[in-house]
Every structure is written in structure tokens, then in C-alpha cells.
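Peer 1: Dropping a structure here in C-alpha cells format, bear with me for questions.
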Amino acid sequence: MSDKPEKFIDENGLRLDGRRVDEIRPMTVEMGVLSRADGSCYLEWGNNKVLAAVYGPRELHPRRLQRPSEALVRYRYNMAAFSVEDRIRPGPSRRSTEISKVSGEAFEPVVMKQFYPGAVIDVFAEVLQADAGTRTAAINAATLALVDAGIPMKGLVASCAVGKVDGQLVLDLNKPEDNYGDADLPIAMTEDGEITLLQMDGNLTADEITKGIEMARKGCEQIFAIQKEALLSKFGTADEEELLKEAELQAEVATSEDESEDVEVISETVSDEIQAEDDEPEAEDDDEGENTELQDEEEAFTDDEVGDASDEAEDLFGEDVSEFEITENAESEDDSSSEPEGAESDEDEGEKNE
Ligand code: UDP
């Protein structure tokens, strides 16, 4: 373990890692990194490396643990044995149990548990590399993993610590500041500014606590911005042009829907007219009406035309078909009233044979 530095803040107001007192460490996030988890997020914050995974909602077993009106959110914070300088004993410890409890509670106002009665939502936060501020880093990653898992949430949760070194408040402690500083005040909050986690290690005056909370609030605002950027790059776009195109597309779809409604109205009118026409002859006497139409059509051909058609048919079939046709017509006329369907099927067959 490194020794306690003589000074944490130099004469230029810069800290050991070159940051100003109110500056957070650089943070990068990547969502959806685990294919087998329902949601996941990998986060690097300074030298911290954290992986958050969400499983669920799924039915909670044993059933006696189920909550009849909401889901149970279980949060497990774990530090990998290799994440720190001196290997830590694997498995749960008093520290990890405490961090798991308070971190899970930090999501209490945002996760809409009422949608999943009897279910469990498991959140796993694995610290792969630790450099102070791991519980806050884990909360920031877990928020995005929950969103990635599609868990309905009222908003995001961001977390950041404030501490005191060289008699000054500093935002987002690094390892020497955390280990050798005068105080460590990790805070988590919702986008509305509701504080959902507040712990304190060391000594601070009431005034320092108030100022510290304000400092953490500004830090959380920056983290919200990073989280939202990650969400936009995964699920949406802030590009106005894209949004405009999308709106135009929706307008087109709406217009074509209107048009298809018009078409429907027109087709309904046409089908009504057809129906009215169909009804008319039926209202009078059907069979006779049809026969009259048929006769009219036949009468429309001149004798010459009929003669030409017979000659053509003769050329094709090599026999005089006029007599055959007349016989068939005569038969079908007789049968038409009793077996209209059979007559149709004969026609179909004829078509198929052709
Ligand atoms: N740490 C460690 N061994 C431990 C616990 C913590 O080396 O068993 C280091 C680790 O780098 C951690 C830092 O001490 O990030 C501060 O730990 P703390 O308990 O304050 O939690 P954190 O600030 O990480 O949330």
C-alpha cells in the first residue's frame, strides 16, 4: 500500500491526479456487454472497473420470499479477489453485505416494482478493479444495466462521493484521498434530486455536509449526462435530422392509413351497389331473369358471326361442333335450376383441361 502523501492539493489547486477539487474522474460506459444477462453495463471511472448485470424480472424462489404486490430487488455488490492491491478473501464480507443493502435501497424510488408482483430482479455489481468509489461506480453501472434489462423506471440514479483532504472538500475521491483523507461521504440521488444513499466515514461539520451534498449534486448531474448519452447511443438518437425524418415517416404512414380508409369507404359503396344490383333480379323472378339475359346475349350475335365462329371451331376440332354445343346448352339449361354448383364444376374442369 502506498504511503500517505504530504499534500493532496498543490498550490495551483490541483489534486494528485491533476483534477480540480470539484472535478470527477473521466468515466466511460458500455451497455449490453453480457449476452446472457437481461441487462448489463461495463463502467470505467478513473482506475475503477465495474461490471453490472441484471437478471429478471423472473419468478422468485423460494415462494415464501415473494412479495404479493411488487417485485423484490436484490442487489449484490462484490469485489473480485484480484481487484485490489492486497488480494481480498473471496465471498461475502461485512463490508460487501452492507454495501449491497444500501446500494439496493438507492433504487427504491425509481424501480417500478409494482409491475412484477411475486418476481425478483437481481442486480449483480462486480468490481474488477478498485481505486476508491467502487460502491458509487457500481450504482452508476447498475442504473444503466437496469435500463438495459428493460425494467420500468421513473428515472435514473447517479452516485458520487465527496470527501475532505487538506481541510478542503473534494469531489469524487481517488484512492489516496479515500484512504488518508479526513472524510468520505458517498451519495446517490435520483434525477429529481432525491437523495437515496448517504453514508459518512470520518468527520465533517454540518456546514461541510451541506456544501458537500451540493458538490455531489453537481457531480451527479455530470454523471446523469454521461448515462443519458450512453442511453441515446444505444436506444435512440439526439440527431434532430433523424427525429425529423422519423416524424415525416410517421406522418406518411398516417396519411396512407387515411387513404386506405378512403379506399375502404369507396369499396364499401361499390359493394353496396353490387349487392343492390344482385338483390334486384332476385326480388323479381330469378331463373327467368337470367334466361332472358342469356337470350339477349345470344341474340346480340348476327348469323354471320355465329357461322364464322362455327367454322373456326371446325378448323380446330375437325368436326361440326355447333350441334354439340346446342345439345350441351340444352342439357345445362335443364340442369341449371337444380344443380348450379355441378354446372360450375364442369366449367372449372373445362378450364383446367384447357
Ligand atoms: N479497499 C481495499 N480492500 C478492501 C476494501 C477496500 O483495498 O478490502 C480499497 C479499494 O481500492 C476501495 C477503497 O479501498 O475502492 C475504498 O474503499 P471503501 O470501503 O471506502 O469503498 P469504496 O470507496 O470503494 O466504495
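Going from the start of the chain as shown, residues are counted 1 onward.
Yeah, the Cβs are placed from backbone N, Cα and C, and that goes for glycine too.
Annotations for this protein, taken from TrEMBL, read as follows:
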- 23-152: domain 'Exoribonuclease phosphorolytic' (DOMAIN)
- 155-219: domain 'Exoribonuclease phosphorolytic' (DOMAIN)
- 251-354: region 'Disordered' (REGION)
- 255-354: compositional bias 'Acidic residues' (COMPBIAS)
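Walk me through where these features lie, including what they touch and how far apart they are.
Peer 2: The average pLDDT computed over the domain 'Exoribonuclease phosphorolytic' (23-152) stands at 98.
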Peer 1: Which numbers of helix, strand and coil residues does DSSP report for the domain 'Exoribonuclease phosphorolytic' (155-219)?
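Peer 2: Summed over the domain 'Exoribonuclease phosphorolytic' (155-219), the classes give 20 helix, 27 strand, 18 coil.
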